[in-house]
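Copied over from TrEMBL, here are the features:
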| type | residues | note |
| --- | --- | --- |
| DOMAIN | 4-253 | domain 'ABC transporter' |
| BINDING | GLY36, ARG37, ASN38, GLY39, ALA40, GLY41, LYS42, SER43 | ATP 1 binding site |
| DOMAIN | 307-538 | domain 'ABC transporter' |
| BINDING | GLY352, PRO353, ASN354, GLY355, CYS356, GLY357, LYS358, SER359 | ATP 2 binding site |
| REGION | 535-564 | region 'Disordered' |
| COMPBIAS | 535-555 | compositional bias 'Polar residues' |
| COILED | 575-636 | coiled coil |
Amino acid sequence: MNLLRVQDAQLAFGADAILDHVNFVLEPGERVCLVGRNGAGKSTLLKVIDQQVALDDGQVQYVGDTVVTRLPQDPPAQSPQRVYDYVAEALAESGRLLARYHELSQQMGANTSDALLNEMDVLQAKIDALNGWQMETRIEQVLTKLSLPADTSMAELSGGWLRRVALARALVVDPDVLLLDEPTNHLDIDMVRWLEEQIKDFKGAVLFISHDRAFIRHLATRIIDLDRGQLHSYPGDYDRYLQKKQELLEVEAAQNAEFDKKLAAEEVWIRQGIKARRTRNEGRVRALQDLRKQRQQRRELQGQANLRVNEAGRSGKRVFEGEGMNLSFAEKCVINNLDLLLQRGDKVAFVGPNGCGKSTLIKVILGEQTVDSGNVKLGTNLEVAYFDQHRSQLDPNKSVMDNVGDGKQDIVFQGRPRHILSYLQDFLFSPKQARTPVSALSGGERNRALLAKIMLKPSNLLVLDEPTNDLDIETLELLEQIIAEYQGTVLLVSHDREFVDNTATSVLLFEGSGKITEIIGGFTELEHYLAAQSTTKSTAEGTKPTPKQSQSTSLADKGSAKRQKKLSYKLQRELDGLPAAIEEKEQQLEHVQQQLNDPEFFNQPIEVTEPVMQQAAELEETIMALLERWEELENLSKQSS
């Protein structure tokens with residue numbers, strides 16, 4: 001049974017529809033990820049489902065007594081309000097009464113006046129009438145589950161903890177459907193993993209927007225893609241979605257090319273003169289008019305951003321060197337006896353919980369913060385470009401072009417003059433969008449504007465503080481490529497595990513109490529280090545072998561066993577039959593590819609072409625799997641001989 005339905009939804013805020021008669025259903029237990037380009041309308045769709053934005057046409061239906069709650073993109077503001085009160089507000093009148101009762105209960109130790117006791121009696125009667133004590137139990141259960149301090153002021157919490165409080169507020173109403181808009185923003189990696197477990201434990205259905213590919217891979221049971229007003233559903237995991245999406249785009253491109261070819265031929269015909277427009281050809285003229293109309297209504301696929309960095313001259317070889325560095329604030333040790341050498345071209349990721357000192361160490365490296373003790377040598381010829389996760393460099397009241405170009409129409413990029421509008425088109429801002437105030441942009445569009453601003457500045461040291469927040473995945477992958485090709489040095493703070501894996505040459509792990517460990521590699525190597533640390537702790541007592549000794553002994557034993565054990569009869573038969581099986585599949589693929597290479601193939605309806613393309617992709621996957629299996633069995637056979 002469906003939990004909710006979106007039927008024939010139509011919504012537009014301008015010439016192009018954000019939702020163009022889309023349909024969507026959500027089933028119990030599903031974890032659906034909504035993806036799409038920045039500005040496509042993903043957050044708007046969640047607001048539509050939450051009934052916070054009205055449709056121009058169509059409807060959203062909750063089936064039965066379905067309860068829906070939404071976690072907004074931004075965490076709640078810091079305020080004097082207590083955590084308990086903020087969470088209880090989600091329960092309307094019952095929550096308000098419980099929050100007041102909870103507040104008075106805290107005062108009972110110091111104040112037992114008759115007025116206070118009378119107010120508590122009145123509150124108790126009202127809560128009884130609303131069956132509110134069950135709600136109080138629910139609040140306490142959620143706060144306990146999320147390890148939240150009920151009586152702490154919201155003003156004392158960091159962004160990650162505020163996000164956790166917002167999740168508690170969403171969960172306390174015991175929803176059937178949870179809507180999450182970029183839930184990993186402002187969270188450190190440990191908190192992202194914690195959130196993954198909370199979502200896996202959630203019994204209802206989840207519809208979430210995320211740019212975090214590891215998060216999507218761990219959670220999504222289905223992907224829906226909002227593209228040019230249309231909603232496309234892809235059952236299965238994220239990698240299967242990528243494959244299917246690429247196949248559909250290739251089909252679309254081929255069909256558009258064929259359509260444009262036909263339209264061009266008809267335009268040549270109509271220009272041949274009056275003879276071509278005789279009465280008997282009126283039908284062909286009307287058909288041409290229809291073709292023109294269809295071409296005019298086509299919504300082209302948004303191109304890729306053309307991200308490039310305005311690189312300055314080379315910095316000195318040593319960007320930073322510190323020996324025996326120590327730094328504390330009050331009683332908190334942030335840096336404890338750290339030796340650190342950064343050289344030109346390093347790409348270093350800073351990983352650790354919120355508030356552990358990542359930003360402080362960056363300030364030390366940039367010469368903006370002194371240490372209590374130790375030797376520090378700052379780099380020479382450094383030109384720094386700084387991406388601030390809070391976007392404080394952007395004035396929300398100014399246009400994109402005024403923010404990026406500092407009010408100038410003409411700029412210089414990579415030694416050449418350019419108009420600011422032309423430069424912003426590289427970042428997918430149309431001239432109309434470039435003149436739009438930053439306050440009117442989506443979160444991802446604001447981040448693109450900030451990237452445009454910092455990449456315009458000549459630099460040889462990029463400092464990127466959570467640059468991936470709100471970016472669409474296509475732009476995120478381009479940013480990874482930019483960092484990989486950048487000739488300067490990069491200091492990166494990110495909670496995005498895949499982004500760290502794809503960009504970092506080393507990781508600085510903040511382990512607490514000022515201990516900072518350098519690990520060569522990316523996030524995968526970091527996980528190996530943490531696993532080894534965990535094993536070391538469990539075997540530290542007694543005379544057990546070290547993790548490396550245990551691992552090498554285990555691997556040696558396994559290798560010896562493999563060499564001594566011959567392939568079983570079943571595996572040998574499988575190995576013998578693989579060459580013929582591979583040849584058979586290759587012949588089938590060759591036959592299918594002949595169909596694809598036929599010039600008339602893409603003139604057929606998509607219902608005909610898509611299954612053939614899918615068959616080709618599946619055959620390629622099968623052949624690759626057979627080849628890998630053949631190699632695996634061949635290696636086993638060699639070891640046993």
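Quick reminder: no glycine exception, Cβ is built from N, Cα and C everywhere.
For GLY41 (ATP 1 binding site), the same-chain residues 6+ apart in sequence whose C-beta sits under 8 angstroms from its C-beta are LEU11, ILE18, LEU19, LEU226, GLY229.
Taking the C-alpha positions, the distance from ARG37 (ATP 1 binding site) to ASN354 (ATP 2 binding site) comes to 28 Å. CYS356 (ATP 2 binding site) and ASN38 (ATP 1 binding site) have their C-alpha atoms 31 Å apart, to the nearest angstrom.
Mapped onto three states, the DSSP output places ALA40 (ATP 1 binding site) in coil. Comparing the binding-site residues GLY39, GLY352, GLY355 on other C-beta atoms within 10 angstroms of each C-beta gives the minimum for GLY355. The number of other Cβ atoms within 10 Å of the Cβ belonging to PRO353 (ATP 2 binding site), over all protein chains shown, comes to 17. Calculated from their C-alpha atoms, the gap between ALA40 (ATP 1 binding site) and ASN354 (ATP 2 binding site) amounts to 31 Å. GLY357 (ATP 2 binding site) and SER43 (ATP 1 binding site) have their C-alpha atoms 32 Å apart, to the nearest angstrom. GLY39 (ATP 1 binding site) sits 31 Å from GLY352 (ATP 2 binding site), taking the CA atoms of both as reference points.
A count of other CB atoms within 10 A of each Cβ picks out SER43 as the most crowded of the binding-site residues SER43, ASN354. Neighbours of the ATP 2 site: apart from GLY352, PRO353, ASN354, GLY355, CYS356, GLY357, LYS358, SER359, residues of the same chain with C-beta atoms within 8 angstroms of the site's C-beta centroid are ASP188, PHE510. Note: ASN38 (ATP 1 binding site) has non-local neighbours LEU428, SER442, GLY443, GLY444, GLU445, ASN447, ARG448, ASP470, LEU471, ASP472, THR475, i.e. same-chain residues 6+ apart with C-beta under 8 A of its own C-beta. Secondary structure at SER359 (ATP 2 binding site), taken from DSSP and collapsed to helix, strand or coil, is helix.
The record gives GLY36, ARG37, ASN38, GLY39, ALA40, GLY41, LYS42, SER43 for ATP 1. Within 8 Å of the mean position of their Cβ atoms, the other Cβ atoms in that chain belong to THR44, LEU226, SER442, GLY444, ASP472. A gap of 28 Å separates the Cα atoms of LYS42 (ATP 1 binding site) and ASN354 (ATP 2 binding site).
Cβ environment of GLY36 (ATP 1 binding site): LYS42, ASP225, LEU226, ASP227, ASP472 lie under 8 Å away, each six or more residues apart in the same chain. When pLDDT is averaged over the coiled coil (575-636), the result is 79.
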